[in-house]
Every structure is written in structure tokens, then in C-alpha cells.
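The following features are taken from Swiss-Prot:
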COMPBIAS  149-159  compositional bias 'Basic residues'
DOMAIN    902-962  domain 'SH3'
REGION    1-284  region 'Interaction with HAP1'
REPEAT    457-499  repeat 'WD 1'
REPEAT    502-541  repeat 'WD 2'
REPEAT    545-585  repeat 'WD 3'
REPEAT    592-631  repeat 'WD 4'
REPEAT    648-687  repeat 'WD 5'
REPEAT    691-730  repeat 'WD 6'
REPEAT    735-776  repeat 'WD 7'
Amino acid sequence: MEPETPEKVDSAQEKVRGKTPTADDSDDSREKTGIEEKGELTDAYQLQVAEEMAKEIKKKIRKKLKEQLTYFPPDTLLHDDKLASEKRKKKKKKVPVPTKPESSPSDVCDSAVEGEQKKEGTPEDSQHMEGICSREQDVDATVPENAKPKPKKTKKKTKAVSNDNEDTNGDGVHEITSRDSPVHPKCLLDDDLVMGVYIHRTDRLKSDFMISHPMVKIHVVDEHTGQYVKKDDSERPVSSYYEKDNVDYILPIMTQPYDFKKLKSRLPEWEEQVIFNENFPYLLREFEECPKVILFFEILDFLSMDEIKNNSEVQNQECGFRKIAWAFLKLLGANGNANINSKLRLQLYYPPTKPRSQLNVVEVFEWWSKCPRNRYPSTLYVTVRGLKVPDCIKPSYRSMMALQEERGTPVYCERHRETSSVDTEPGLEDSKEEVKWKRLPGQACRIPNKHLFSLNAGERGCFCLDFSHNGRILAAACASRDGYPIILYEIPSGRFMRELCGHLNIIYDLDWSKDDRYLVTSSSDGTARVWKNEINSTSTFRVLPHPSFVYTAKFHPATRELVVTGCYDSMIRIWKIDAREDAAILVRQLDVHKSFVNSICFDDEGHHMYSGDCIGVIVVWDTYVKVNDVQTSVRHWTINKEIKETEFRGVPISYLEVHPNGKRLLIHTKDSTLRIMDLRILAARKFVGAANYREKIHSTLTPCGTLLFSGSEDGIVYVWNPETGEQVAMYSDLPFKSTIRDISYHPLENMVAFCAFGQSEPILLYIYDFQVAQQEAEMLKRYSGTLPLPGIHQSEDALCTCPKLPQQGSFQIDEFVNTENSSSRKIQLVKQRLETVTEVIRSCAAKVNKNLSMTSPPPGPAKKPRVKQSFVLTTDEIIHQFGLPQTAFISIERGPFVRHVDPPPMVVALYDYTASRSDELTIHRGDIIRVYFKDNEDWWYGSVRKGQEGFFPANHVASETLYRDSPPKVKERSPPLTPKEKTKPEKPLASQKQSLSKGRPLDPRLGPQPVGHSEKGKDQNVEDRGHKVDMETKKSEPVVRKVTLIE
């Protein structure tokens, strides 16, 4: 290679020298532009800061000017605050821009000249950056926490500053667990709000055997003075209802103690709302004369009397309390926002051990201001919010807030057997209003005869319903398109109260607790749910999960903490419901039944439980419970006996209910038969009439036990007398198209509710009305001696009284029957006079039969009788001899001159019968027997000519009218009638009815006219369902004799 000549080298150096000045010039221009941009940004920022300071000064001036006019500034200032905060955010985003050229100096590090220039410019840049950073920190102090960015330098700085409040801000807030939008105190314009402090819980406290029942004491202190905050109105009670007038400051309030031993938990959960009846905006004002409020929370515990006597350190304690920890909360934060409407987590601190040095300030304030804060290893959860005071607060035995009146004592209420409206009528808004029920305590229940109103049960009807024990609420398990709600209606107004939503399928059963504060429901969605009966409570209180359908659920009568459920898996489960615990506890499972459990019931005391399954087996349990130890008592439940009757073996049991006397059990089975079983001898009485082969139907007994109601698959409600087994009434014209599923009788009123599960089926309520009963009695008097007809409605309602059954309001005929059985001597004395009267009546028979008519209603206020499947027909002479009231007999009408009544029907004995008991009557073939009443289909009560009386078989006799053509043969004991002879007397009967149906003038001298010869009597025979009435006349007898055979 050729060596380079000096000329070449010089030329190369000149080229380099020529290029170097151009590069230096470009770098210098870049530096100048960067510095100019920094200067412009700093100038703009300083200008913005000056503008903000000017605005702040203007705000202070405006506040002072408008201080006398209003407590709060106008909305324009709030708008200015929002604009200013937005501008701060924008400027903060632009501030980090100048740091970019500083972070990349690699462009200028190639030459020594550039390095020197950089060194000269560094102090100048650093001064600008320090000023910007310092101003950034000032701005960050005024920006809310949720809006300020967190650069790395700022984080390091905060960590370095905090020593004892490492995770807390200056307001005492450790963490905001439920963040709401920040609340500015200027936005709180509602003066009706008062301060409410909700104490939730703490984390686990430090293990200490001396802590057994902690509580929280809340102080409201002024930061300026260190004393309790002065009241806005000195005459207004803030902490206590009986607050003295000379107390002009806000007194502290304590929560209820949390007993670790009783509640079996070391994690205190008070969940208590403490209300300070002070104007809430007053505590949040930013004026100089207004207090700057700090809330202090002390966790305390009781000192026992032994500790107070023996412990010398008690002198340092206050009022016999052991101080465990304390916390504080500033209502107004350093960022200008209020620490309210959010669940806050406050750091707890140990109380100082040194004694108080300042007696003129609150002790907790001295801890906060003078003493070092030593962290306690736990936190406290609180929520502060403004509350609107309700217009009406129910009084209580003990006043729990400043607005609650203290009234009465438990001892007074027990002595007078009175309870507060808070206890007797939960869940009602107008519980102070007393309802006067028409049915008096101990009075017999009546059959409701008047339609009260209809209630909406949803698109698919109602499956079950039940009145509360106080009678003020009707709970109905309904079905709609969207779900299966429990609808609560107020009684007696029928007003809708609220819906309880939660079930996902059909609700089979529901039951009220003894105090009506809880309601339990069972459903085919595999759950049983417990609901609180409170005004604003619509959600589920407890859920009891099951593996399959739940058919029944009941509260134990002795305690509302126990719920018993019956499930499709043949298990009976006992659950404990505790208000302090989050979930229900399954105490025990009873696996005895071999098929799914359909129904469960208890007696009134709760000593016995009865469970029925799908194969007809009833198990009786001993279920005594000690209220103080519920779980242990449940483990001792045992089987008393099993009832396996052959009559309903294999037949599903739909419903069980204990009779009010506690000695009998109502059994509703799916064989269309109801039974009431005597639990002592296991003998049952049957009630037939209601069809039930497929559906689950609930029947019910009235609270007095004198009536039995049951629905049917034919849409009719049947009513029986449990004592006699007789059907006393039926509701035949109800508007139900589906099966009547459930019936509930009101516990304090003569009221009943019906429901059906079907498309748009309503809930019907009927009530007993005395005026309606009187109208029915007047209507039935026109039938003059006949019993109520099966198609007669009471005041266009659906209640029908069966022809063989009495009206539900009168018991006079029953008394007459009992009197007649017990006074046979009086009857024998009357017989002789009765025979003479009968002879007089027979002599006038022809005249009476010609003048019979029913064109005018009979006068007189006689009431409709009550009889037992029988006729009680006699004369006025018998009435006077027996000393009984006129209303005890059926439609006896008086004329102006002569009294005519239907005598007892006469029958003829067809066969001989010898009495086997003392109360029976011996008869011979051909004897004429006078029938007084018919006990049942097989046995009648009557007397023969000789004066002997007693019961005789009904199938041994025939009507005397069959022998009217040959009376001498009857006396000679003629042979039994042949079927041909039986049909002969019936032929003239039809023609005779036709002739008697024509209207004839009424003879005013005559008294009553027999119904058998009137148009109404004819209509009665047409409407009578399966009851045969033989009506014949005799030439020698003035009155028609009737015999009704009840099938």
C-alpha cells in the first residue's frame, strides 16, 4: 500500500473540520428549542396557579358575603370547582413532557463541547424541575384520592413520611371497602337528615381471657376545642329520649354488648345502627364558627364487681369499663370530601397507659392529639350516613333512641295479659290501630254466609294460604308467569302489603311462627325458606336446602328457632334458625318413614308431633323442647307410636291437623274420606262427601273445633259437624273451575278463606253476617214446616244449607231433643191430651184440605229451626207443657181463631221387633207408631198407642198413608204389603198434586197451611236432591202427614 501523503491528510482533516461546525449548530438549535419549550410550560403553569389562587380568594370573599344569607354557597361555585379540578388534571398530564429530552442524552454525548454545554445547562433545568415537582405536590394535596395520579417519586415520599400511620390517611381511614361516588359536604342540602353510625364488626380481636362481651362507645368531638360537639338546638334531644335540657352537647352512645359465650364466636359482629338525632348538615359545615367533627370509637368491656373491688388500677379506668382499643374518623377529609355513605375500615390503636393530663378535654381526644399511637392488631368496620327520621316511631319497653318513647313494662303487660303492638302485630304499618273482632273469645264459630271480597292470586292461582295468629295478615302462596311469590294481604281491609319472592317452583305449605315474626314455606324447588315479617323485608332470611321436593314445613310451637320439614326422600329434618348466624343449622334427620312425608303438625304445647306419609302411616313423636337448650332437646326426640290403620293403608295422607282439644287428629286422605281419630283409643269418625283422589288438598278445623271445612275436586266446599259427623253446609256456587286446594279459618273472626290452583283463580273470603242469616230465616219460614232446600243461597252468595242439616247459628232443636230424651214423664202426660186434639183435627180435615193455600207469606218473627236430620212436629199444647220457646219448632204459624199444625207423622209396623236395649221400642206387626224424630237412616224415635216410646228400626215400618183404604185391617195386624199394593196409593197422588197446585182463596179463619199442597211445596219436591217426600191426605184427617227419608 502506498503511504498517505501529507496533502491527502490535510484534505481529509479539512473535510472533517468542515463537517463539524454544521453538527454543532444543529445540536445548539435543539437545546435552545427544548429550553424555550420548558420555559413556556413553566410560565403557563405558574399562570394557572396564580389564577387558581385568585379564584380561591374570590371564594373566601363570597363565603363571607353570603354567610348571613345561607349556609351553603350557590351551585355556580360547585361548577367552578369541577372546572378547576378538570384543568388540574389536564395540566398534570402535560407536566411530564419536558422530562423526555432529559431521559435520552445519548444524542449529545459524542463531543466534548456538547458535554460542557450540558453541564452548564443542568443547574438551570434542575431548578425548573424542582419548582414543578414542588408545585405538583401542592396540587396533589388538593385533588381527591380517586382522581390523583401516583408517580413513583410521590409513592416513595409518602412511605418515607409515614411512621405510625403506615396504611392510613390523615382521616383515620385504613381502607374503603365499599366505594361510592365522593360526597362533597356542599351537596348535602337536606336539613331533615340526622346522623346514623352503623357499627358492623371488627376483625378478630387479640386473644385475651378478660374480654367476654365487648361493646363500642361513640364520641362526637370537636377538633378545635377537644370537647363534645355543641348541639345545633340545645332543646333538641340527640342521644337519649330523656335528655335533660341543661345538656347542650352531644352525649356519647354505646352499642349492645356482644356476648362471646352466648353467641359462641370470638369475632364480634354488632351490626347495630346508632342514631344521633342531630342535624347532619350541621356536622359537615366548613365555616369557622362550625365544629370540625371527629368521631372516636372506643371498644370497651365490663369489669366484674370483684375486679372493681380488688383491682387498684380501677381508679384509672372510667365507670368500671376495661378499655380495649380505640379508633377515630374525621367526617370531613383533607381532600374536602365527606367520609360518609361508604363502609370504612378504621385502624384500631392501644389506649395509652399513662393517666390523663388534661381534664377539660375528652380522654380519647387527648390520646389522639398528645399520645403516640400504638397499633392494635385489628380494625373496625363502620358506615356513617344521613338518615331520614320516620314520621311515627313505635314505643317500646325501653327507649333505644332519642325519638322513641318508653311505654309500659313487661311485668305490667304480663299482669294484664296485654302485649305491645310491636310484639303482637309485626310487619304492619298501622299496628297501633286496634281491630275489634266480632267473635268473642270462647264463642263458638259460625259458618260464614256473606262474600267479603276477592283477592288477586296471580295468573295461576294460589296453592295454599294461612292467617297469622293475630289475624291481621293473610299469607297466600301464589303462582304467576314470572315466579312463585308469597303475597301478604292485610286483614280485614284486604289491602296488598308486599310480595316475598325467592321460590322457583310450586309452594306446597306455609306456616307462621307463634309470634308472627317469621314465616316458613316449603316448595318443590328443593328448598324451604324462612322469611322475616317486617315492613321493608322482602328477601329470604334463611334458606333450608333439601335434595328433593319439600312438601311440608312447620315451626315448633315452643320456639321459633326450630323448623321441621318433610321431604320427598322420606326424611324429616329439624333445623335451627338463629338470627345471629348466617346460615341455618341442620340439627337432626329422622329416617323412619318408608315413603315421602306429606304432612307434619304439632299440638299446641309442642310436646307431640305427627307426621304422615304417602303409604298411610302416621308416626307420633315425643318432641318436648327446652328453650334454653334446643339442640340437646332435639337429640332426645323419640317415637311414641306408629298408627297403621287398615282402612287407609297404602292411601296417601294429604293433611294432618290436631283438634283444638289436643285429643283428636284430623286425617285427610286421598280416598275422598276425612277422619277424626281419637288418639287415646284410635277410633275414627268418617266424613264423606268431598271428592279427593288425585290432588293435594288441605282441610281445616275451626279454632273452637265445632266445624270442619274441606275443599273438593269438584269445586265445592263441604262443612261437617265433627261431633256428630253430619254435613251441615256446603258452598256449591263458588266461581272456582279447579280443585279447591286450601281453606283457612280466621283465628279471631267468623271468616274463612278459600283458594284454588288454576288459571286466574281468585282468593275468596267469606264472613258471617247476622242480617244475612235473618233474611235466610225469613225466606225459609215461607216453606212452613219444611227444612232448608239444597239450592237456596244466602243473599245471592254461594253458601247452601243441606236439607237434612240445621242452620249454623241455632242450637235450640238440639236442646229440645235432649230435653225430650230426658223428660219422658212429661211426654206421657201430654199424650192423652194430644189424642183428644187429634180427634178434633180429624173431624175438620175435609174443610181444611179445600182451603189450603200459600199465596201470602206467614206473619210472625219465628226463626228458622235447627234440627238433626229429623222432623219435630207437634202442637202448641206440647210446647206449653214442655215450657220451650216457640222458635224451637219449625215454622209454626198462628191464625186469628184456630191453630192448626202438622202432627207427628204416623207409620205402621210391617214386622215384629223386640227391644234389645232399654231405650228401644218393642213393636208388633200392624202397630201404628207416631214418629217424633229420626236419629239417622236406620233408627227413628216414636211411640205407640199404649204410651210406650223409644227407638225402632226404620226398615220395619211403612207410611200410614199406604193403609188409608183399609184401616181396620191395620189394627188386625194385616200381612205385609205387596209391591202391587204399594204402587196403588201412589197413582192418585200425582193427580192430587196437580189439583192442589191451583190457587184457591185463603180462608182467614184457618191458621197454617201445609206445604205439601202449595206451589212452593211442589217446587221444594222438584229441587230436593234424592230426598223423597210422601204427601197424602185422608178424608178423616185435617192435616197432611209428611215423612222425609234422607238417603
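Yeah, the Cβs are placed from backbone N, Cα and C, and that goes for glycine too.
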Counting only residues 6 or more past its boundaries, what in the same chain has a CB within less than 8 Å of a CB in the repeat 'WD 1' (457-499)?
424-425, 427-428, 431, 435, 437, 505-512, 514-516, 519, 521, 523, 531, 533, 535, 538, 698, 738, 741-742, 744-749, 751, 753, 755-763, 765
Excluding the flanking five residues on each side, which residues at least 6 beyond the ends of the repeat 'WD 7' (735-776) place their CB within less than 8 Å of a CB in that stretch?
437-439, 445-457, 459-467, 469-471, 474, 476, 479, 491-492, 494, 695-703, 707, 709-713, 715-717, 792, 794-795, 797, 799, 801, 807, 809, 864
Just to be sure I understand, if DSSP states are collapsed into helix, strand and coil, how many residues of the repeat 'WD 7' (735-776) fall in each?
7 helix, 17 strand, 18 coil
Reported in the order helix, strand, coil, what are the DSSP residue counts of the repeat 'WD 5' (648-687)?
0 helix, 23 strand, 17 coil
For a three-state summary based on DSSP, what are the helix, strand and coil counts in the repeat 'WD 4' (592-631)?
2 helix, 19 strand, 19 coil
Please spell out the DSSP helix, strand and coil residue counts for the repeat 'WD 3' (545-585).
0 helix, 19 strand, 22 coil
